[in-house]
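> Sharing the features that TrEMBL gives for it:
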- 2-95: domain 'Pyrroline-5-carboxylate reductase catalytic N-terminal' (DOMAIN)
- I6, G7, G8, G9, N10, M11, A67, V68, K69, P70: NADP(+) binding site (BINDING)
- 159-263: domain 'Pyrroline-5-carboxylate reductase dimerisation' (DOMAIN)
Amino acid sequence: MKLAFIGGGNMATAILGGLMAKGFRGADAVVAEIDAAARARLASELGVSTVEAPGAEMARVDVIVLAVKPQNMREVAKSLAPHLSKQLVVSIAAGIRIADLTRWLGGHSRIVRAMPNTPALVQAGITGLYATDAVTLSDREKVNELLAAIGATVWLDSEGDIDIVTAISGSGPAYVFYVMEALEAAAKDLGLAPDKARTLALWTFAGGAKLAAERGLDPAVLRAQVTSKGGTTQAAISVLDAAQVKAMFVAAIKAAHTRSQQLGDEFGKDPQS
Ligand SMILES: NC(=O)c1ccc[n+]([C@@H]2O[C@H](COP(=O)([O-])OP(=O)(O)OC[C@H]3O[C@@H](n4cnc5c(N)ncnc54)[C@H](OP(=O)(O)O)[C@@H]3O)[C@@H](O)[C@H]2O)c1
């Protein structure tokens, strides 16, 4: 598979790094990156070829990954449009809808929209994917291969579900860090040294997630298993329930979902509209 990336920042580097760890050759990728220092880093660290802007080399690749910030996407897509024919385009930009991308790409419709999250940077991401009808089964397999480099994948039935993915797993690492902050703060308040508080918070999350993944049980069951009547965990959960913390989390995630829909509207506007 010959690959091109438009934008050679964090996500492009993470995907390429993950692919290379599985045997992909840097020589099979070209990265269009506007920043000269970033181009030099990509060429020396990953051995990919680099260009300042997309050009004739795009005709020789199978898959083009759009990995620039959403606010740069319109301009980037328009510069790519003249070089498109049959290539599969994968956009990882948050909030950019396929209809807007298709319009900016001059009508190109063989597009997969992907919503990864920051743990992708350490190959532990989860990416939600949505494909247009023009995307074949073998295209989907290529996308799976590509994004398996940064973690797990979930295919979605409707593009609107991408806004749910954004609210759950896209913003989700921040919810995890938020609870970690609370665990650390409590440990320190109770007299533990900061480094020990950090270690406890970190491993509690890592261990909880591993246990849930490996046992495959409902989180409510796992929670019941550590909540004995009259015990310490029940004392803590009673405080959380009284403050309706779970309902507040659901409300918070719905706010993220609404904001994701609004950002999609904003990013999709053309200057004259
Ligand atoms: N990071 C994440 O975990 C994450 C999660 C979900 C989705 N995403 C999406 O992934 C996309 C990339 O994120 P990122 O974190 O990798 O961003 P990033 O590190 O800022 O990378 C984007 C790169 O593209 C370059 N660029 C800007 N305009 C360009 C152009 N016209 N042609 C070529 N290159 C251009 C930027 O250069 P300059 O810095 O000079 O502008 C930068 O090096 C974003 O759309 C984001 O929404 C990221």
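A Cβ is built for glycine as well, from the same backbone N, Cα and C atoms used for every other residue.
What's the neighbourhood like for these features in this structure?
According to DSSP, A67 (NADP(+) binding site) sits in a coil region rather than a helix or strand. Within 10 Å of the C-beta of A67 (NADP(+) binding site) there are 28 other C-beta atoms, taking all protein chains into account.
For the domain 'Pyrroline-5-carboxylate reductase dimerisation' (159-263), DSSP puts the residue distribution at 87 helix, 0 strand, 18 coil.
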> What are the DSSP helix/strand/coil residue counts across the domain 'Pyrroline-5-carboxylate reductase catalytic N-terminal' (2-95)?
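Counting residues per DSSP class in the domain 'Pyrroline-5-carboxylate reductase catalytic N-terminal' (2-95), I get 45 helix, 19 strand, 30 coil.
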> Give me the largest Cα to Cα distance among I6, G7, G8, G9, N10, M11, A67, V68, K69, P70, the residues the record lists as binding NADP(+), in Å as a whole number.
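Binding-site diameter by Cα atoms for NADP(+): 14 Å.
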> Return the residues near I6 (NADP(+) binding site), defined as same-chain residues 6+ apart in sequence whose C-beta is under 8 angstroms from its C-beta, sorted by sequence, else 'none'.
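In sequence order, the residues whose Cβ lies under 8 Å from that of I6 (NADP(+) binding site) (at least 6 apart) are V31, A32, P54, I64, V65, L66, A67, V68, V76, L80.
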> So if I measure Cβ to Cβ from G8 (NADP(+) binding site) and keep only same-chain residues at least 6 apart in sequence, which ones fall under 8 Å?
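Set apart from G8 (NADP(+) binding site) by at least 6 residues yet with Cβ under 8 Å, we have V31, A32, E33, D35, A38, R39, L42, T50, A67.
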